[in-house]
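Enquirer: This is the feature table in TrEMBL:
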{"type": "DOMAIN", "residues": "1-98", "note": "domain 'GAIN-B'"}
{"type": "TRANSMEM", "residues": "84-103", "note": "transmembrane segment"}
{"type": "DOMAIN", "residues": "106-357", "note": "domain 'G-protein coupled receptors family 2 profile 2'"}
{"type": "TRANSMEM", "residues": "109-134", "note": "transmembrane segment"}
{"type": "TRANSMEM", "residues": "155-174", "note": "transmembrane segment"}
{"type": "TRANSMEM", "residues": "186-209", "note": "transmembrane segment"}
{"type": "TRANSMEM", "residues": "221-242", "note": "transmembrane segment"}
{"type": "TRANSMEM", "residues": "277-296", "note": "transmembrane segment"}
{"type": "TRANSMEM", "residues": "317-343", "note": "transmembrane segment"}
Amino acid sequence: LLQDAHNNSVLNNDVLGAFLQGRHVAGLSCPVEIQFWHDMVLDASNATCVFWQPGASVGRTGIWSRDGCETTHREGTVICHCNHLTYFAVLLLPAGTLSPAHLASLTHISTIGCSLSAAATLCTLLLCCFSSAVPSTLSCRQRLRDNTTKIHRHLLAALLLLNCSFLLSTLLAAGPEGLCQVTAALLHASLLCTLAWMASEAFHLLLLLVKVYNVYIQHYLLKLCLFAWGLPTLAVVAVFVFKRDMYGYHTIHSSEGYSNMTIESPSARCWLTSAPAYYATLCYTGLILLFNMLVLGRVVMILRRIRRQKRQARKDWATVLGLTCLLGTTWGLAFFSFSVFLIPQLYLFTILNSLQG
């Protein structure tokens, strides 16, 4: 009966109701005290006092809210002080729940960062389009070097698509479900394509700096396009056609303000709704980042050897610092979202990756 739309669980499944017959009690100057005993490790980050607000949302029996209640934790006890009488419980929050202040800050940072990145990538992409065509008489290594600019263009286009689809995913979260699913699929495809082009950058860097002999790959750029554009797009289209419900409204849980957790809130966006799809995307990201890190490590070893032979390696080291962004190594912060690293990781991840463009 007392179950909200998010299927949140309460401590020990205990709900306490306190009433005065025939009277509505609220706004007490001296709040009532309710104690809940337990044998778990709890604190303010994963358990909070709430009350049941019936009929607070359309089409639902009610929601849990913390308005007028304060939470105090002692060993083995959660103490609730509330200024009204109703049904009370201690709500157990999902792992990784953010406070509204952090959620609002991260939302603003990501919106501003992605907007700046979208503008920067568009300008850079237009500048890259002025590059001249490649003469057919170039050597294999010269062709590889010239392909660098073309690969940069594709990565810029993928980043532009990623930033724009991310911004749209928030704006369209309040729209029709079908449009939100299309936006979520677009965001997923653009993310997979961006990561694939980062891997293509790493592979191209491997051919340029690591391979000793000239390498000629027939239809080199076309094959990279099939890998970085074709495969991710084909995978997303297949999922969208046969399992469309994997895309839709995704709500980010907040540690308070349960009455505001609707699809119209800034905490909602169009994204994956399936846990297996999310973890598959995370594994895909991890494999690409592992490959990119190995390539970057190999390049650093080469530069160290060059530094021992020549004393003018500052330009090369500056290039490596730029490559850490180009190869998307900052996306590896996604694997440190646990325990005390959660909040710092979220801010670093949001700042660095929203500004990647």
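Heads up, residue numbers simply count up from 1 along the chain you see.
Here the Cβ of each residue, glycine as well, is placed from N, Cα and C on the backbone.
Remember, TrEMBL labels are computer predictions, not curated facts.
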Enquirer: Give the nonlocal contacts of the transmembrane segment (186-209) in its own chain as ranges (CB under 8 Å, at least six residues past its ends).
Expert: 141, 144-145, 147-148, 151-152, 154-155, 158-159, 161-162, 165-166, 168-169, 215, 224, 227-229, 231-233, 235-237, 247, 270-272, 281, 284-285, 288, 291-292, 295-296, 298-299, 302, 323, 326-328, 331
Enquirer: Please give the average pLDDT for the domain 'G-protein coupled receptors family 2 profile 2' (106-357) in this predicted model.
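Expert: Summing pLDDT over the domain 'G-protein coupled receptors family 2 profile 2' (106-357) and dividing by its length gives 83.
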